[in-house]
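Database features, via Swiss-Prot:
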type     : residues                                                      : note
BINDING  : Ser20, Ile21, Ser22, Ser67, Asn92, Asp107, Tyr229             : shikimate binding site
ACT_SITE : Lys71                                                         : active site, proton acceptor
BINDING  : Asp83, Gly129, Ala130, Gly131, Gly132, Ala133, Ile227, Gly250 : NADP(+) binding site
Amino acid sequence: MKLDGYTRLAAVVANPIKHSISPFIHNRAFEATATNGAYVAWEIEASDLVETVANIRRYQMFGINLSMPYKEQVIPYLDKLSDEARLIGAVNTVVNENGNLIGYNTDGKGFFKCLPSFTISGKKMILLGAGGAAKSILAQAILDGVSQISVFVRSVSMEKTRPYLDKLQEQTGFKVDLCALEYVSELQARIAESDLLVNATSVGMDGQFSPVPENIVLPETLLVADIIYQPFETPFLKWARSQGNPAVNGLGMLLYQAAEAFQLWTGKEMPTEEIWQSLTEKYQ
């Protein structure tokens, strides 16, 4: 990597963030595309967020990525939001366009790009969970022309989830069905007629539990995806593969959301195949 007086900076901003693999991905991409850039991780306190955003302009940076807890907190300090960032109510990428700071959310696009030979337009989807990742997938699916979405959450989370779905319907005219995860017969009935089943909860990170009962029967054409990438194969994905279903983990989402951000910053395509190889060697 060449560092000189013309090197432009990009960073991921969060707390905690030292464990992030984003610097690995983006610095590989800068090198592979002969882009004079460097990508670092900044672990900051909330009180430093305003100054950090100001530094994007001050140092003529490409921009920044954001992770928890700053995806929502950054919004008041930006000049403009993309459609999907407005719908999600969260930003994971800030682009410096000649001093104008524009907020995007590339998580949903990254998720759908990582699915092999699959387009969501006209399809039926089941989403488990309603946190930040789920919201980005939900909003992107609506923008991309999904025909039906069923969101399943634990019954204790129903009331907390409903206002966001109501607001989404106001903004898009699209009605999302909200169901309780405990109603297994309802889950089975909806899975039977769906094209895509997504785990957007953290259940499975421990390598022990699955978010759905193992007696659920999957239709053979159903694509199953998990946003978790460590462990590389969660119990949820193992269960889906044992029924013969295609199953995808969250590492591709991480790579392709980064590729979207890289293109917004540099105008260049990230060499995803090359970087995917390095990532799978590192995490498989």
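Every residue, even glycine, has its Cβ placed from backbone N, Cα and C.
Everything Swiss-Prot records as a feature, shown here on the structure.
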residue: Ser22; record: shikimate binding site; Cβ contacts under 8 Å, 6 or more apart: Val12, Tyr39, Ala41, Asn65, Ala258
residue: Ser67; record: shikimate binding site; Cβ contacts under 8 Å, 6 or more apart: Val12, Val13, Ala14, Ile17, Ser20, Asn92
residue: Asp83; record: NADP(+) binding site; Cβ contacts under 8 Å, 6 or more apart: Leu143
residue: Asp107; record: shikimate binding site; Cβ contacts under 8 Å, 6 or more apart: Ile88, Asn92, Gly132, Ala133, Ser136, Ile137, Gln140, Met253, Gln257
residue: Gly129; record: NADP(+) binding site; Cβ contacts under 8 Å, 6 or more apart: Val151, Phe152, Val153, Asn199, Ala200, Thr201, Pro211
residue: Gly131; record: NADP(+) binding site; Cβ contacts under 8 Å, 6 or more apart: Ala200, Thr201
residue: Ile227; record: NADP(+) binding site; Cβ contacts under 8 Å, 6 or more apart: Phe111, Ala133, Ile137, Val198, Asn199, Ala200, Gly250, Met253
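Between Lys71 (active site, proton acceptor) and Ala130 (NADP(+) binding site), the C-alpha separation comes to 16 Å.
Taking the Cα atom of each, Tyr229 (shikimate binding site) and Ala130 (NADP(+) binding site) are about 18 angstrom apart. The distance from the Cα of Ala130 (NADP(+) binding site) to the Cα of Ile21 (shikimate binding site) comes to 24 Å. The local packing around Gly250 (NADP(+) binding site), expressed as other Cβ atoms within 10 Å of its Cβ over all shown chains, amounts to 22. The 10 Å shell around the Cβ of Ala130 (NADP(+) binding site) contains 24 further Cβ atoms across the protein chains shown. The Cβ of Ile21 (shikimate binding site) lies under 8 Å from the Cβ of Leu254, Leu279, Lys282, each on the same chain and at least six residues away in sequence.
With the fewest other C-beta atoms within 10 Å around its C-beta, Ser20 stands out among the binding-site residues Ser20, Asn92. The recorded positions listed here are Lys71, Gly132; among them, Lys71 has the most other Cβ atoms within 10 Å of its own Cβ. Neighbour counts were taken at the CB atom with a 10 A radius for the binding-site residues Ala133, Tyr229; the maximum falls on Ala133.
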